[in-house]
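Enquirer: One structure coming up, written as structure tokens, with questions to follow.
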Amino acid sequence: MMLIPPIIQPEVLFREFYLTAVARYLGAAGLAALLYDHALTIGDEIRLIWAAPRSFLKWMFLINHYLSEVGLIVSANEMSGLNDLSYDDRRCRKLMIAIYSYCTVSTAAANAIGFFRVIVIWDKSPRVMLGLSIALIATFITTLLCTIAALIILHSDIHYNPITQICFVSKSTPAAIILWATPLAFEIIVISFIAYNALSLPRDHRTPLRRILYRDGMMFFVAVALSRGLNIAFSVVTEPGLVLMLI
């Protein structure tokens, strides 16, 4: 006996398709921009990163760099609706577990890069190393606990929509918000250390402040902080299509 789907209001259906399209196109745009940037910088990466001696910072950079690309490729494929994979609620829940796990590892790698950058800028100051180490460990533990809590709380609210052919989360949770707010707080600490160091350095008119900030990687960490803030905004919103943009 075939089940007859319930009647859906046209405006509700339109909104579902609209939010799904927004998530898909933004995901595709983000992936295209990331791959294009990688193509432009692959020469410098081979010369400066791959040829460098083995170190923890080198591996953290490579893990974060390539994990981001792999994560976006998998996410774009899963959300595209163009593959032949069959989905149900169970598969969507496994996908969300993989995505949240990927976000946790990627966030930890990005935080480690910020940690070592500040340590180098401050000439391995013991006080800075101690304070930033405590902040880094606290950030990782909080992020990990919030990831586990969010997956447990949202597990029964992760579904597959056969109409829009996409996985979605039907609600938000404070754990998901804290999950992004914690690394944002760490990025603000990193930015503060970089800015304070740049302002305290002696310089003349031939060395503008913006050049020092650019040299110390301020633009990168500001961009990361803005992305964290955007993730917080999407976590607050309960629209399923917008929640998907966290990926």
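Numbers here mean position along the shown chain, with the first residue as 1.
For all residues, glycine too, the Cβ spot is worked out from N, Cα and C.
Dumping what TrEMBL says about this protein:
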| type | residues | note |
| --- | --- | --- |
| DOMAIN | 25-67 | domain 'DUF6533' |
| TRANSMEM | 12-36 | transmembrane segment |
| TRANSMEM | 56-76 | transmembrane segment |
| TRANSMEM | 97-122 | transmembrane segment |
| TRANSMEM | 128-154 | transmembrane segment |
| TRANSMEM | 175-199 | transmembrane segment |
| TRANSMEM | 219-246 | transmembrane segment |
Enquirer: Mind checking how the domain 'DUF6533' (25-67) divides into helix, strand and coil residues in DSSP?
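Expert: The breakdown for the domain 'DUF6533' (25-67) reads 38 helix, 0 strand, 5 coil.
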Enquirer: Please average pLDDT over the domain 'DUF6533' (25-67) for the predicted structure.
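Expert: Within the domain 'DUF6533' (25-67), the model's average pLDDT equals 83.
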